[in-house]
Amino acid sequence: NSGASKPRSSDHNPMTGPKVEDRGFGSFTISLSDNYPLSSAATLSAQYGVNVFVLGLVLTLAMLFHRAGVAQEHVLAYLSTAMAMQLAWMLCYSLMKHRQKGVVSSKDAHAGARWLRGGLILFGILSLVLDVFKIGYYIGYSRCLTAAKGVFPVVHAVHTISQVYFLWFHAKDVIQTFQAFERFGMIHAVFTNLLLWVNGVVSESKHQLIDHKRRLTALGFANITVDDTGPNCSCNTNACAIFYNSSHYMYPFNIEFHVFASAMFYVMWKNVGRTLEEHRALKVTFRTYSVMAGPVLGTSVLAATIGILIVYSSQVGHSTEQRVSAVAMFYLYGITVLCLMSAAAAAGLVIYRVDKRSLDYCKNPTRKLDGNLLVSTACASWFMSWCSIVAAVCGETQPPHTWLNLSFSVLVIIEKYLQNLFIIESLYRKHGETDGEVGMIQGIFTVSSSNNLPLTCSYCGILNKAFETSDNQSSCSTPQYSASSSPPPSPPPPHSSLRKSEKLSKERQFTKNVAAFLFLCNISFWILAAFGARPQFDSGLEEKVYGFEMWILVVNIAMPFAIFYRMHSSAALFEIFCLS
């Protein structure tokens, strides 16, 4: 039975040509059912995840604007349920992996770098500190707080510990079994972490907005009513105020933790169903050699940043004169550092024109995600900068620091443009080979019974059979070798490679210095924005042009993405420093 139904006599008409076979609906159903689950699991799971996220986002917006009777308890209950579902999936996955103990599984060497997982542990520990503060705050006000506010930090703490454990051991996994089920679990984890990120951003933004309103009221700039969000009872202990005030210093780390986790789960989701044909992974090593100028200059910027943050925070809430001087000091500092960063990124791009190293165009989900996140999150800073530029040029009244604001905004656009180019080109360069020599490379090969297995490119690592072309070519076109032709040369021994790479070329030394300097500068700007030094609130220029409520809305939406950009850039630059 070939699967085609027998044509009916009524289908043949001499006037219309030869007979046409009608496969029938039954054959279509069989064909659909054979391929539908695996080929459509990605689309179905993505739509499921988006709807989970949108529902949580709608509940959050309804809570913020006091609509539809949605309170904070409802949002926390939804988040707790989503975390519980993710915990159940991670437990099932871990049990299945334990049952398959001893079975060799594919690993994506590009995913879940050790330093990235180390950063996840650091942010996870600080997120646990935040949960401890919330639990202590709930115990103090347990008489007048709902159970959801007490359950949420407990579930979140368990969720944080479980995620760190799961990603440390499974971030590199390339799943080949139960693919449809695992896709749904991973995409649920991605959007659950994004919802927790949104919840952290909302909580931190509300705190920043309340502080800003209090400063404006104290300085006499506006008669604004500050919302009283505290409980309606007295605290049972003396530490409630400490728990409340200290928790806001932990929110930046909690926010970054969930972004890191969602990105790592997304890479795992993209890797489902991929087949490891051949992989040569670069051994990431932390070497300094003659790299001194970049780290020293970057450390100086970082030390100055701490001083700027302390002075800015202490002066901006006092008199009008001190507020203006604090904002001007911030802009002068920012202009100086942004000029240095722009020059460093431009110099790095020039060096890349001299160092003619080959590029790596192989499919790499981690690298593609890095580039997309850099450009998309930079748009938030560009949006705020263009708002400031228009306000500085078109504003009827101009504060004393207007031109500093204008220069700072222009430099933010230029610096991020150049830095994005430098990072993306660095990520697409083949590291580990200098002047045609292969550096420290580990070769990991799969054995096939076929003699005509084509060789994949050096850094491909993972191939997706589902997306091969009709000519059976993968996304990385590579030369094929017949049995009569000589095979490609094998990689040099590790010891000889080590001796050849002991002395870095001048181009690589310069690249390391640029990456180290930009890394520390991005950390500096992340510290300033994450811990409250935000002249966008205190400048006053934009509020006069766009109005208080509109400008506050713009800053509260764009600032979280701008903060994430700095942290993500730091992570990418650290990787470039290690690989260069």
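Here the Cβ of each residue, glycine as well, is placed from N, Cα and C on the backbone.
According to TrEMBL, the compositional bias 'Pro residues' annotation covers 486-495.
Per TrEMBL, region 'Disordered' is recorded for 1-20 (among others).
Residues or ranges marked as region 'Disordered' by TrEMBL: 477-502 (among others).
What TrEMBL records for 48-69 (among others) is transmembrane segment.
The transmembrane segment feature in TrEMBL is assigned to 75-95 (among others).
Taken from TrEMBL, the feature transmembrane segment covers 115-139 (among others). Within its own chain, the transmembrane segment (115-139) has Cβ neighbours under 8 Å at 145, 149-150, 152-154, 156-157, 160-161, 163-164, 167-168, 171, 236-237, 239-240, 243-244, 246-247, 250-251, 253-254, 256-257, 260-261, 264, 284, 571, 574-575, 578, counting only residues six or more beyond its boundaries.
What TrEMBL records for 151-168 (among others) is transmembrane segment. Proximity of distant same-chain residues to the transmembrane segment (151-168), defined by a Cβ-Cβ separation under 8 Å and at least 6 residues beyond the stretch ends, is recorded for 76, 79-80, 83-84, 86-87, 90, 93-94, 112, 117, 120-121, 124, 127-128, 130-132, 134-135, 138, 189, 193, 196, 257, 261, 264-265.
Taken from TrEMBL, the feature transmembrane segment covers 180-198 (among others).
Using a Cβ-Cβ cut-off under 8 Å and counting only residues 6 or more beyond its ends in the same chain, the transmembrane segment (289-310) has close neighbours at 329-330, 333, 337, 340, 344, 503-504, 509, 512-521, 523-525, 527-528, 531-533. According to TrEMBL, the transmembrane segment annotation covers 289-310 (among others).
Here TrEMBL flags 330-352 (among others) as transmembrane segment.
Marked as transmembrane segment by TrEMBL: 373-391 (among others).
What TrEMBL records for 403-424 (among others) is transmembrane segment. Same-chain residues lying 6+ beyond the ends of the transmembrane segment (403-424) with a Cβ under 8 Å from its Cβ atoms: 328, 331-332, 334-335, 338-339, 341-342, 345-346, 348-349, 352, 370-371, 374-375, 378, 381-382, 384-386, 388-389, 392-393, 514, 518, 535, 539, 541, 565, 569, 572-573, 576.
Only residues 6 or more beyond the boundaries of the transmembrane segment (514-533), in the same chain, are considered here, and those with a CB under 8 A from a CB of the stretch are 208, 211, 249, 252, 291, 293-295, 297-299, 301-302, 304-306, 308-309, 312-313, 330, 334, 337, 340-341, 344-345, 347-348, 351, 419, 422, 426, 559, 562-563, 566-567, 569-570, 573-574, 576-577, 580. The transmembrane segment annotation in TrEMBL covers 514-533 (among others).
According to TrEMBL, the transmembrane segment annotation covers 545-565 (among others).
Here the transmembrane segment (330-352) has long-range neighbours at 294, 297, 301, 304-305, 308, 312, 401, 404-405, 407-408, 411-412, 414-415, 418-419, 421-422, 425-426, 429, 507, 510-511, 514-515, 517-518, 521, 524-525, 528, 533, 535, meaning same-chain residues at least 6 beyond its ends whose C-beta is under 8 angstroms from one of its own. Sequence-distant neighbours of the transmembrane segment (48-69) (same chain, 6+ residues past either end, Cβ-Cβ under 8 Å): 75, 78-79, 82, 184, 187-188, 190-192, 194-195, 198-199, 202.
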